[in-house]
Amino acid sequence: MPAPVPVYEPRTPDDPPLIGGYRVLARIGAGGMGRVYLATTQSGRKLAIKVVRPEFAEDPEFRRRFQQEIAAAQRVQSFYTAPVIDAHADGPQPWLATAHVPGPSLAQTVVELGPLPEATVRAVFAGVAEALQAVHAAGVVHRDLKPSNVLLAPDGPRVIDFGIARAADTTPLTRTGMRIGSPQYMAPEQALGRPSTPAVDMFALAGVVLFAATGRTPFGEGPAEAVLFRVVHEEPVLDGCPDGLRDLVERCLAKDPADRPTPRDVLDALEVGTDPPGAGWLPEDVTRRLPAYSAEPPRPMGPPTSGPGFDPVPVPPAGAPVPAAAPVPAVRLLLLALAAAGVVIVVLAAALVVLRPWERDAPGAAAHRPPESLPAAHESSTATQTAGPDLGGPSRPAPGGVGAQLGHYANVNLASGYAINLSDDPKHPKASRGGEDLRYDGTLWGDRLSVLAPGQPGGYEACRDNTRYADYLGDDYLVKGKRICVTTESGLVGLVEVRGTGDKPSAYLAFDLTVWQGVPPTPGG
């Protein structure tokens with residue numbers, strides 16, 4: 001049997017390698033609300049994680065509603081929904097993780113393979129109705145039910161993204177013309193800007209079923225305004241709808257919400273049992289495609305070069321020479337710096353050959369666009385530091401015996417895209433160029449990071465003896481009270497005591513830092 005054709009996009013250098021402690025494997029897709037990633041837990045369970053676009057995340061009302069919808073969505077219990085596993089509404093970019101459904105969307109299937117047989121359409125009708133029954137029982141209205149939000153798993157349909165559209169209802173984007181929802185599946189009351197009740201989902205369900213059966217929508221295509229006019233004022237076109245389903249579809253498309261059936265009414269009318277459809281419910285041409293959704297995802301395109309968001313690549317000042325494309329932003333920054341200083345191309349090439357920044361081990365070391373300003377540091381450092389310029393590389397050994405405290409830095413604010421070296425001035429981070437001792441981009445990066453257990457005594461010995469090293473730590477470890485050890489290649493040891501994270505005016509990690517002299521590396525070793 002030939003290998004399945006890949007259905008997911010590789011993770012790109014601009015995608016986050018980690019979201020909330022979950023390892024990102026590939027891209028699933030993107031939509032108006034954000035980008036969706038395939039990720040995995042430590043135990044190997046696959047997740048679909050939606051990262052909300054920054055435009056929505058900047059609005060406090062969106063965050064408030066998003067948190068409410070998460071809480072409600074977590075109460076939804078149905079075989080026909082993708083359950084919410086985890087979520088985070090307070091970080092720089094909110095995200096929502098659900099169980100991964102190994103199957104294509106109804107939209108993709110019909111577009112690529114054509115309408116589905118009546119038996120399959122009937123199973124979709126019943127499965128989605130049962131999902132909506134559970135969604136409504138939890139106090140949630142989907143608001144954006146459409147074929148792309150119905151996934152075709154081997155054992156039945158699954159509804160995804162329920163309730164998320166409500167969080168965006170009052171954001172500045174939607175108030176100034178950006179519409180959340182698909183006009184072809186909107187109910188008349190939605191088109192008129194009236195409150196959405198569970199009845200809007202029943203109207204959308206009819207459109208989904210007609211699309212599955214015919215490949216067409218009840219009110220046609222075209223400009224959104226024209227479609228919405230027909231939704232409000234004209235009757236649906238149901239040509240090609242199976243006779244056994246036509247009456248029920250027509251009832252769901254009633255203009256008056258009060259005249260539409262409930263999910264329970266639909267299930268009773270379809271006379272379906274309580275068992276899922278099981279294997280064989282999909283036609284063979286769809287079933288042949290299913291293994292690709294459980295196959296090993298494509299390998300990432302390269303090491304991460306930016307944080308978990310949609311920030312553009314840093315742009316050089318007007319008039320500055322534009323360097324050739326480079327494997328990582330660290331190289332771009334090096335080229336910009338040298339070119340601005342008037343160094344000739346030969347020296348640029350030599351610097352790249354000598355430094356080879358693309359060969360550094362730590363992923364995610366690239367700089368973001370620098371924030372407009374950094375959180376003020378109000379407390380002075382009591383550190384004894386080694387003088388010398390910051391060259392963007394790892395710390396150098398400092399004088400003093402092994403275990404000697406070299407400094408304590410209170411309330412360090414490390415902004416996203418910035419980094420520090422333990423032997424320099426941690427109170428004043430610099431834009432990351434790769435290879436520094438601590439780098440932050442929503443994830444904390446370092447050569448050797450380890451976490452102290454709650455209640456475990458802190459100090460040099462505790463960090464020295466904790467060898468459960470990691471290259472990066474995600475959101476779960478960047479909360480107030482967590483203590484993180486960092487050991488540098490030069491032998492310095494640091495203890496990061498996390499104060500928390502913030503996002504005003506830019507994303508940052510706040511912590512106290514203590515630095516000790518560790519065991520210097522053996523010369524030539």
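In case you wondered, yes, glycine gets a Cβ from its N, Cα and C as well.
What TrEMBL says about this one:
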type	residues	note
BINDING	K50	ATP binding site
COMPBIAS	256-267	compositional bias 'Basic and acidic residues'
COMPBIAS	297-314	compositional bias 'Pro residues'
DOMAIN	22-282	domain 'Protein kinase'
REGION	256-314	region 'Disordered'
REGION	363-403	region 'Disordered'
TRANSMEM	333-355	transmembrane segment
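For the domain 'Protein kinase' (22-282), the predicted model reports an average pLDDT of 89. Secondary structure by DSSP for the compositional bias 'Basic and acidic residues' (256-267): 8 helix, 0 strand, 4 coil.
There are 24 other Cβ atoms within 10 Å of the Cβ belonging to K50 (ATP binding site).
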